[in-house]
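Student: Have a look at the structure that comes next, please.
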Amino acid sequence: MSIKKKSKLNINSRGGMGGKRSKPDRPSHSGKSDTAVTMIKVVIGLGLIALVISFWSTIGAVFGLGLILLILGITVAIAVFKREAVLEFARKTTFIYWYRWIGAIVLIASIWGLLGIMGSGGAVGNAIINSDTGPGGFVRVTGLFVLALVLMVPAAGWAVTKWLFGGISRPFRVDKNRPGAETAYPAGTPGNRPTLRQAIAPDRQNIERKPAPETAIPASVMVEAEEKPPVEKAAAAKSDKDAREPRDLKQVSQDVWKKYGETATLLTADGWRLPPVEILDYTPEIEYGEADNQERARMIEEALGSYGVEAAVVQINAGPTVTQFGVEPGWDRKVKEIKEKDKDGNPVTKQVETGRTRVKVDRISSLSNDLALALAAPSIRIEAPIPGKSLVGIEVPNTMLGSVSMRSVIETTAFQKLKAKAPLAIALGKGAGGEAVIGDLAKMPHLLIAGATGSGKTVCLNALICCLLMNNTPSDVRFIMVDPKRVELTPYNSMPHLAAPVIVDVDKAIGALKWLAGEMDRRYKTMAEVTARNIDAYNKKPGIEKMPYLVLVIDELADLMMAGFDDVEHLLCRLAQMARAVGIHLVVATQRPSVDVITGLIKANFPTRISFAVTSQVDSRTILDSIGAEKLLGRGDMLYMPTDAAKPKRLQGCYVSDQETERMVYFWNGQHPDANSPMLKVEELASTQANAGGGAAKQRDSLFETAMQLAEESGNISASFLQRKLHIGYPRAARLADEVKEALGQDTDDGGAEVPADDNTLLR
Ligand SMILES: Nc1ncnc2c1ncn2[C@@H]1O[C@H](COP(=O)(O)OP(=O)(O)OP(=O)(O)O)[C@@H](O)[C@H]1O
């Protein structure tokens, strides 16, 4: 009984692949046979030693000191075979890393040859060097050594080979000058050198390691990654040091200011100096293992094949967080069996293909969980198809999650080009192929960000704000920041760019929205006076005071919606619809992407959206109108949906540390301390709200004037009448009707009893 139980436990304890097997305890009656086996082994061993001693002169002549190598090699091979089950071993190594074994044999041969040169390699050693102990033999040994290196460790071998022979080929090489993860290998293109692994595994020859830029994302926002600028080791070491021991930030800002602040090139026309890019940390990027990706590509093909789906991985795009495998669907073949007789008259069955159809994309998408299991990945996302390509994208999380520094995106030429023509250029992050993804807030023109708590919304807002602060002075851009959590945006409180101190009170935030709506109307009037159609045209007019862009940043929309649903929704929609032309842009974030916060109206007016990791498919649909965000990994992993893209694009958002933010704030604060005069005081916001209708209790609806006009024209007023004319929901119409009647001195009871024509209108 006890033996049975034990063996059962052992089977379970193997667990996953590679689990160590513990040997079951042998029953005591096997003790005798054990001793016999040991005895036999000892006898055989002694026999072998006696054999070696008696034939020592012959063995020495044939093998020389190489005998030690031979014994060592055989011992290692036996040890490896005995440790693992032979089948598993064969599956794991023979088929995949068989060339490593050949490499090991070649290495032994090269050492043996070296012994031959030294006169102690025996006949075998002499044969390897062809009995030439001079330069000829040395060349043979070196050649064998390089071959062994290339076979055993292809990447290092390739590097050594390049180092040895690089000088000869350098003048003829085409220098693509791109970072590792971004070069494509279209077959036959000069300068696109297949790796050794590709040479060894011909079925992978067509794999592209690096993507062409995706065509579905507009050129303005989606660009191919630029080469990382040469990173001085000192800068990297400095940023490492910064990360380890945060220095006195004031001191840092003063140092930066001393070093770069006086540079004339950074001086703007209005007397401000823009921060140098060195104010941001440079984080060295993680290198991704190509061998791992090739292995995962093979596993994807195998897993799909085991479910009867013919497909081949033809592209691998290694990104900071996920690696995208571009899978080309194969064929579903219909075969017919034909029975024939061969020339000897024996019956044979032949299979003839009668037709074929492409494998359906849905068949691959439906296998996402099975693929995740095969790859031992927490979750995988399938993009079917990749926009602009006839491939299905399988996104597998990397084993090591990388982070994208804002500096690495800002320093790309694409961003620099966009910045030159768009003042509100923002760095968003890097895509699945490591390409920089940037955008122009003025074209977005408003941005809605959603994601569960801890998914990276605040970091994204900080990156966006810092990016604008890098390129714009307070006369170019002013911010209104609403931070109901009181801790996320308050570090910016003393910035000269703020139109009002950071607003933490929701009532004041509603006041700020109203002020912004008023400011929008005022700007339209001012522009109309000089016949300018938009802010760019207005700012180009001679002899006028420049209008700064106004960016409203709200860190938590849900809190505002709770404080005043109707007002906030109405004001946000009004601003989103009309404010773009006058240079007012909204960036709104929420951690509750539910329909009561992101209403249909708000969604319709915020075409550019970003979703970080959310908890459910429903939330993903609410923010993006499609599923997928529930499979994101958090920590800045996002889906970005630009205005004119059909599908969201996955990217890793830029990371901006608290130290960088504070350095930026110190930098700006250090200039013109007297110029810190916000356009709007927080106290004014409170009074804006209170005075809007003669006190909070008597606050009037923004459609009040229109309703009054309608009442005067029609001579009668009722909720359903207002509902029809103003296209508003019943509750608001009833409230409005009451307000109008009150203003006209009528009794307010009669209209309120009306029943809405359609119950659905209540939801509006
Ligand atoms: N782009 C990024 N790269 C690397 N790490 C990130 C990134 N974005 C966020 N993180 C990590 O995730 C943590 C949480 O991010 P963040 O505070 O922005 O989340 P949040 O969505 O604002 O959460 P909450 O709603 O609770 O404030 C950060 O402290 C940081 O460590």
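Just so you know, the numbers here start at 1 and follow the chain as drawn.
Placed from the backbone N, Cα and C atoms, the Cβ positions cover glycine too.
When I checked TrEMBL for this same protein, it listed these features:
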REGION    1-33  region 'Disordered'
COMPBIAS  22-32  compositional bias 'Basic and acidic residues'
TRANSMEM  36-56  transmembrane segment
TRANSMEM  62-81  transmembrane segment
TRANSMEM  101-124  transmembrane segment
TRANSMEM  144-165  transmembrane segment
REGION    224-250  region 'Disordered'
COMPBIAS  238-250  compositional bias 'Basic and acidic residues'
DOMAIN    434-621  domain 'FtsK'
BINDING   G451, A452, T453, G454, S455, G456, K457, T458  ATP binding site
REGION    744-764  region 'Disordered'
Student: If we skip the immediate neighbours and take only residues 6+ beyond the ends of the transmembrane segment (62-81), which ones have a Cβ under 8 Å from one of its Cβ atoms?
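Tutor: Same-chain contacts beyond the ends: 89, 104-105, 108, 111-112, 115-116, 120-125.
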Student: Could you tell me which of these binding-site residues, T453, S455, T458, has the fewest other Cβ atoms within 10 Å of its Cβ?
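Tutor: With the binding-site residues T453, S455, T458, fewest surrounding Cβ atoms within 10 Å: T453.
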Student: Select one residue from G451, G454, G456: among these binding-site residues, choose the one with the most other Cβ atoms within 10 Å of its Cβ.
Tutor: G451
Student: Out of A452, K457, give me whichever of these binding-site residues has the highest number of other Cβ atoms within 10 Å.
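Tutor: Result of the Cβ crowding comparison: K457.
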Student: Using the CB centroid of G451, A452, T453, G454, S455, G456, K457, T458 as the ATP site centre, which other residues of the same chain sit with their CB within 8 A?
Tutor: Q591, F612, A613, G634
Student: Which of the three DSSP states, helix, strand or coil, fits G451 (ATP binding site)?
Tutor: coil
Student: Output: those binding-site residues from G451, A452, T453, S455, G456 whose CB lies less than 6 Å from an atom of ligand 1, in sequence order; none if no residue fits.
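Tutor: Once distances to ligand 1 are taken from each Cβ, G451, T453, S455, G456 fall under 6 Å.
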